[in-house]
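Quick notes on the structure that follows.
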Amino acid sequence: MLRWLRDFVLPTAACQDAEQPTRYETLFQALDRNGDGVVDIGELQEGLRNLGIPLGQDAEEKIFTTGDVNKDGKLDFEEFMKYLKDHEKKMKLAFKSLDKNNDGKIEASEIVQSLQTLGLTISEQQAELILQSIDVDGTMTVDWNEWRDYFLFNPVTDIEEIIRFWKHSTGIDIGDSLTIPDEFTEDEKKSGQWWRQLLAGGIAGAVSRTSTAPLDRLKIMMQVHGSKSDKMNIFGGFRQMVKEGGIRSLWRGNGTNVIKIAPETAVKFWAYEQYKKLLTEEGQKIGTFERFISGSMAGATAQTFIYPMEVMKTRLAVGKTGQYSGIYDCAKKILKHEGLGAFYKGYVPNLLGIIPYAGIDLAVYELLKSYWLDNFAKDSVNPGVMVLLGCGALSSTCGQLASYPLALVRTRMQAQAMLEGSPQLNMVGLFRRIISKEGIPGLYRGITPNFMKVLPAVGISYVVYENMKQTLGVTQK
């Protein structure tokens, strides 16, 4: 069908200027099923599918958003032809950006090279899968005609869009702060899309964390109070919190957890860009290892900056009703009774937890990505929303599992000054005490509610993130 499209709609360059309007008119008439001189979205959807023309995700809606100049919900022939001409210019630029050796063909090695400049590494075998979805004649190269035919009615015109499916972040926020920052392309940085995406992610994180705050507070309570002698389970923990402070107490500490999103994201993003510059030469691609090191160091920098808020979040969550009137009161009392050093209790295990979390999170995601591309990417490199969310959630969960003992010790160090009769132990002392009294399972107290919040957090943050991207103009509605 792509061959038919090339011969029928898109003539050779020699006669293109003379015949193109006629060819476009013939295609327009084929789409205009009722012959009223305009094409609505229903006719476009049905016509393109009948012609076997490949479409991207939500392609018809995006075509109408771009091409429907007078916003009457229909495309007349002039709008239709203008859209195709403008779109073809963009496709030509995208093709040239990929054709590194200017031989008029795109090869697998050129796709690998282009993605490397964007900070994304794939194998040549995976690049061949991208080619297979576009290549018509089986040469394992894509010429301009094949490229144009494939993306004629596909709003994806940029190589960055093609591989953006597999960016590690999809707007997921499961409440942790140790993930490696997003990788933004040069175009996103220049156009200002990067800050819109960060803002959308921040809002999604705020909604997601607020929605799952009761489970987060329960996790903290079980980390601090759970032991063999005081077996706090999920239902008992919720009953105890509601009995002590009412329904509203389930969200105690959430305000701090939400407020810290903005400064943490800003510092992490800035630090990540600086560390990348230190670890790579100008214009050089950033590999997976350099990305891991840069991301880990950026996470450590951001955590150093906002760590006092982490301590206050724990103190507010563990505190009893009336103990603190708010964030400011909590900070004032900690400073008065324990001094400035109290704001960094648990800082060492928190920093140590970044390495296993970020490393395993990134490694598992890359492993899942490679497995899907090698085994399931038959006709398209787009894995779909469910696969992306599943990979992101699973990799984050594995990272949490590896770093959880350090997170538990961090939380106990943050809160132990509040517990009457509790000795003020350092990290090593707490590890020894927990293992001797509670065994290895003691290092995983509270992990059940932590895992319980993953699925709702993923779903909520993704939905909010996608809607906010539309609102902020990152994606078309």
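Every residue gets a Cβ built from N, Cα and C, even glycine.
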Per Swiss-Prot, does Phe343 fall on the same side of the membrane as Leu472?
no
Test of record reading: of Lys260, Lys277, Lys336, which one does Swiss-Prot tag as N6-acetyllysine?
Lys336
N6-acetyllysine: annotated position in Swiss-Prot, out of Lys74, Lys231, Lys437:
Lys437
At a C-beta cut-off of under 8 Å, are there same-chain residues at least 6 beyond the topological domain 'Mitochondrial matrix' (407-445) that contact it? List them, or none.
220, 222-224, 226-228, 310-311, 314-315, 318-319, 338, 342, 345-350, 353, 400
When the Cα of Asn34 (Ca(2+) 1 binding site) is compared with the Cα of each of the binding-site residues Lys74, Glu79, Thr139, Thr141, Glu146, which one is closest?
Lys74
When you rank Val38, Asp99, Asn101, Asp137, Thr139 by Cα distance to Lys74 (Ca(2+) 2 binding site), which of the binding-site residues ends up on top as the closest?
Val38
Proximal but sequence-remote residues of the same chain as Asp137 (Ca(2+) 4 binding site) (Cβ under 8 Å, at least 6 apart):
Glu146
Quick one: give me the count of other CB atoms within 10 A of the CB of Thr141 (Ca(2+) 4 binding site).
17
